[in-house]
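S.K.: Submitted below is the structure of interest, expressed as structure tokens.
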């Protein structure tokens, strides 16, 4: 059974979390308008100006991290020394590293998915339905959840956009993570996990509590699927044989979730904490 190792209190609405190669935890504070990191047990934060940009999704890279501000219409980069830089973007939300060293991000309100090459040039794909989270698979296929479109989109390496409607109406897909055989995603409003194959075939897996409101999902190196249950304040685990177990979390509203290099997990509780969990 998973075990809570520590709880770090952080005000300001922790939302997204990511862990870099050294084990440093980076996070966004959506309510405060800040980003931060946890270094040797010490919380360090960097205020953003203006503070109402809603920093949400964050991705560690090198000595810093990238993050999105969908209300601020920009993508930020924070360095280990606290230095900030920004790129202009239209309502960015989901963010991931591209195989060519560039970035992929979603335009939550503008109905687009954008690839930013290492040289700064951008290619935009029109993808309606409130594109939310995004992830690129090893073969270059990009998966995107369409929260209002009730679908999952795939962008092939040659740039074709293919969309698969979900079997359950009004499922509200959000969180997404790639796996060896496609991608896993959560259905916030239907209380289900979903899996999409590389060919677009979708299967759905109901949770024990259909009102749990799953939000974020990650896939561990061993293939275990972990997910947060926003309404139920729990961390869920699905093993390869389909068994689901759940761990009650302190506080409320778990959002972001990340796997550390040592295999432990971090959960962002929007009620004001970062929770460290042993699998």
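Every residue gets a Cβ built from N, Cα and C, even glycine.
Not my notes, these are from Swiss-Prot:
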| type | residues | note |
| --- | --- | --- |
| ACT_SITE | 255 | active site, proton acceptor |
| BINDING | 215 | substrate binding site |
| BINDING | 253, 270 | Mg(2+) binding site |
S.K.: Only counting partners 6 or more residues apart, tell me which same-chain residues put their Cβ under 8 Å from the Cβ of residue 270 (Mg(2+) binding site).
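M.R.: Residues satisfying the criterion: 13, 14, 15, 30, 31, 252, 253, 254, 255.
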S.K.: Which residues of the same chain, at least 6 positions away in sequence, have a Cβ lying under 8 Å from the Cβ of residue 215 (substrate binding site)?
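M.R.: When sequence neighbours closer than 6 are ignored, residue 215 (substrate binding site) has 174, 175, 186, 188, 227, 228, 229, 230, 254, 255 within Cβ distance under 8 Å.
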S.K.: Going by DSSP, is residue 215 (substrate binding site) sitting in a helix, a strand, or coil?
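M.R.: Note: residue 215 (substrate binding site) is in a strand by DSSP.
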S.K.: Drop a 10 Å sphere on every Cβ of the recorded positions 253, 255 and tell me which sphere holds the fewest other Cβ atoms.
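M.R.: Checked 253, 255; of these recorded positions, fewest Cβ neighbours within 10 Å: 253.
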